[in-house]
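Participant: I'd like to ask you about the structure that follows.
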Amino acid sequence: MLSLGVNIDHIATLRQARRTVEPDPVAAAVIAELAGADGITVHLREDRRHIQDRDVRLLRQTVRTHLNLEMAATEEMVAIALEVKPDYVTLVPERREEITTEGGLDVAGQVSRLRDVVGQLQGSGIPVSLFIDPDPTQIAAAAQVGARWVELHTGRYAEASSAAQRQVELDHLEKASQQALQLGLRVNAGHGLTYWNVGPVARIPGMEELNIGHSIISRAVLVGLDRAVREMRQAMGLS
């Protein structure tokens, strides 16, 4: 069944803009869950630009749905994940100069290293998802390294400049989902999804979870977080 993972990074972005204590992502996670979020997602970046170590540790204690920790495949982040033990980890690419994650992880180009990281995490009981572009080579590599999930990068779909191009990108996502399922992978998706473009992605066969942050938090500024989460669930066709 399709579910909604709410990414609360930008609650922390607002807090860090003033280097203060509010708004608190931990409190936001509680509100999101009460409004119907099926999971909470946070990205602990190496530069700590928004989510902080404190947030991850407190969220592990307070989240009642599931906690998805997005992180780079570095020794530091693996050590934190092994300590905190989120419900699952999503490995993502990371560059300090980027505003947000700009593309999928190049799994095919680092199979040996990622196999080791995935094995270390999953050997400790932490399932691993890989954030990848909807590319056949990357999907095959994700299966090769032993990941449980792939999260398909929906950025090109979200940024398509015409209906025709959007349909092309949607077709790529559908084919990628089908390939992943055939290889025994579970399928999530995210990046750039909004209230206005989420519907077709939500209807892709086999899709398990959509991770959405910026659109929900942007709307929450105007209507409140509870309503913003509920409206996203409606846009996804969830009750």
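Glycine too: its Cβ is placed from the backbone N, Cα and C atoms.
Copied straight from Swiss-Prot:
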BINDING   Asn7, Arg18, Gly192, Gly213, His214  3-amino-2-oxopropyl phosphate binding site
BINDING   Asp9, His10, Arg45, His50, Thr100  1-deoxy-D-xylulose 5-phosphate binding site
ACT_SITE  His43  active site, proton acceptor
ACT_SITE  Glu70  active site, proton acceptor
SITE      Glu151  site 'Transition state stabilizer'
ACT_SITE  His191  active site, proton donor
Participant: Here the binding-site residues are Gly192, Gly213; which one has the lowest number of other Cβ atoms no more than 10 Å from its Cβ?
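Facilitator: Ranked by other Cβ atoms within 10 Å, the binding-site residues Gly192, Gly213 bottom out at Gly192.
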Participant: Gly192 (3-amino-2-oxopropyl phosphate binding site) to Arg45 (1-deoxy-D-xylulose 5-phosphate binding site): how many Å between their Cα atoms?
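Facilitator: So the alpha carbons of Gly192 (3-amino-2-oxopropyl phosphate binding site) and Arg45 (1-deoxy-D-xylulose 5-phosphate binding site) sit roughly 19 Å from each other.
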Participant: Using C-alpha atoms, which one of the recorded positions Arg45, His50, His191 comes nearest to Glu70 (active site, proton acceptor)?
Facilitator: Arg45
Participant: Looking only at C-alpha atoms, tell me how far His50 (1-deoxy-D-xylulose 5-phosphate binding site) is from His43 (active site, proton acceptor), rounded to the nearest Å.
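Facilitator: Cα to Cα, His50 (1-deoxy-D-xylulose 5-phosphate binding site) and His43 (active site, proton acceptor) are separated by 8 Å.
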Participant: Restricting the comparison to the recorded positions His10, Arg18, Glu151, which residue's C-alpha is spatially nearest the C-alpha of His43 (active site, proton acceptor)?
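Facilitator: Closest by Cα: His10.
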Participant: For His191 (active site, proton donor) and Asp9 (1-deoxy-D-xylulose 5-phosphate binding site), what Cα-Cα distance in Å is obtained after rounding to a whole number?
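Facilitator: Counting only the Cα atoms, the answer is 13 Å.
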Participant: Whole-number Å distance between the CA of His214 (3-amino-2-oxopropyl phosphate binding site) and the CA of His10 (1-deoxy-D-xylulose 5-phosphate binding site)?
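Facilitator: Cα of His214 (3-amino-2-oxopropyl phosphate binding site) to Cα of His10 (1-deoxy-D-xylulose 5-phosphate binding site) measures 7 Å after rounding.
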